[in-house]
Ligand SMILES: Nc1ncnc2c1ncn2[C@@H]1O[C@H](COP(=O)(O)OP(=O)(O)O)[C@@H](O)[C@H]1O
Ligand SMILES: O=P(O)(O)OC[C@H](O)CO
């Protein structure tokens with residue numbers, strides 16, 4: 001890499017391959033969006049509870065959104081200092097090492113197809129060891145059982161994996177492989193830490209876990225720091241070779257993009273799901289209250305760890321109001337509809353569409369609506385749907401406070417649903433702390449850009465980033481403690497009734 005020439009370049013390109021879309025954003029030196037491209041991706045539901053995506057679509061939409069972003073700016077590729085990659089995490093792809101062709105569709109993080117395998121491993125008593133080594137819980141959400149589920153499709157596949165003819169990767173790893181035309185099979189620590197195969201304490205693939213999950217070591221990617229050179233793009237994609245110098249899973253990237261650089265700072269991203277992440281510095285905080293210990297990022301030889309509460313259904317509830325119940329036409333209508341009533345009228349909605357994630361980890365629970373009376377209206381249901389997002393967040397923030405022993409002074413927010421002012425106000429009300437919405441909501445992509453730009457020299461040091469973060473609006477809590485706790489007590493009752 002010609003570092004000095006690249007330092008002079010004008011942009012960092014961030015590629016954000018998410019659950020619902022692939023996005024590409026060019027950021028300038030002030031961390032502002034210079035141009036963007038976005039393409040939707042299609043979820044496939046082959047059987048109840050199972051979710052897949054076509055890996056080729058993830059790749060092609062990444063390429064086409066990149067071209068859109070570059071065209072929007074009219075930038076020449078040589079004006080791009082480096083590329084940062086961020087991705088929906090845990091989603092599992094296996095491809096042929098020689099041809100690059102995926103052997104099946106991607107098994108998406110939301111898929112529950114491996115519930116029986118998780119139950120089998122729990123019955124064998126493996127859960128405490130797995131939890132201790134990985135910081136995670138034994139749940140179909142993570143990659144390990146998805147890998148073995150794919151390999152169990154045929155003995156020939158398993159044999160090819162054992163012979164070293166197949167590669168496993170999360171979405172970052174697959175895109176990196178394609179961008180480098182098959183030259184690099186790698187991932188970063190944050191993505192590795194979501195597989196259930198990564199020993200968080202040792203920072204290495206764990207032989208005992210590989211055996212428990214029946215995953216051949218020969219198919220695993222090399223694991224690198226989140227900020228540093230991963231490889232060069234093949235000239236055929238953008239007309240010249242560009243260095244890929246940052247990779248992180250999307251929630252860790254958003255934490256970095258929100259500049260949660262000091263222990264105790266917390267962000268929440270409101271997308272399809274909701275992911276609350278707290279920086280815990282150099283300490284791995286094992287959770288007693290249903291959260292995950294995970295890698296935050298690794299740079300300059302140092303790993304920063306994090307505590308995370310993963311909530312599976314957030315914006316997905318609003319999509320259901322639109323596509324399932326059809327009581328709104330677009331997600332943003334939810335704000336107006338819910339505002340027509342002053343409270344939930346006693347209605348609570350628990351959106352356990354794919355079970356419950358943090359802090360309950362109940363794969364078998366399914367969604368329910370409680371408290372319906374003859375006076376309940378679609379406005380109440382819509383309000384209860386929005387409330388379910390902030391109430392789930394409160395569950396996680398309570399666990400985080402207990403686990404970390406730190407009181408959380410404020411919540412930094414980002415993601416598509418933060419455009420909803422009522423949602424943000426309710427979030428401040430139920431937590432009793434200020435909610436800070438920054439001007440740039442594309443913090444996931446920004447975090448990937450920061451990781452890449454710090455490695456390429458585009459931004460010489462972390463301190464150069466501090467003037468990029470500007471608040472758009474602060475939502476202060478406005479309700480009494482009594483009101484807050486009565487509201488929350490109703491939710492806890494609804495949750496208890498829903499658990500399997
Ligand atoms: N104004 C809004 N009010 C409530 N939810 C919204 C609003 N705008 C978008 N959403 C929800 O936010 C999600 C999209 O956010 P995004 O950050 O793009 O998600 P992802 O990264 O998971 O693809 C969708 O699930 C959508 O229902
Ligand atoms: O693509 P998103 O934004 O829905 O994020 C998905 C998470 O990474 C799943 O762990």
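Note: Cβ is positioned from N, Cα and C throughout, glycine not excepted.
Record check, TrEMBL: ATP site residues include 19, 20, 21, 315, 319, 416, and the candidate from 62, 272, 373 also listed there is 272. TrEMBL lists 89, 90, 250, 251 as binding glycerol, and of 141, 348, 360 the one it places in that same site is 141.
Only 90, 272 of the binding-site residues listed as 90, 272, 319 bring a Cβ under 6 Å of any atom of ligand 2; the order follows the sequence. Counting other CB atoms no more than 10 Å from each candidate's CB, the binding-site residues 23, 89 peak at 89. For residue 416 (ATP binding site), the count of additional Cβ atoms within 10 Å of its Cβ stands at 19 [all protein chains shown].
Cβ-based neighbour count (10 Å, all protein chains) for residue 21 (ATP binding site) stands at 15. Within 10 Å of residue 251 (glycerol binding site), judged by CA to CA distance, lie the following binding-site residues from the set 19, 21, 89, 90, 272: 89. A helical conformation is recorded for residue 319 (ATP binding site) in the three-state DSSP classification. Cα-Cα distances to residue 89 (sn-glycerol 3-phosphate binding site) place 19 within 10 Å, out of the binding-site residues 19, 272, 315. Here the candidates are the binding-site residues 90, 141, 250, 420, and by Cα distance the one nearest residue 21 (ATP binding site) turns out to be 250.
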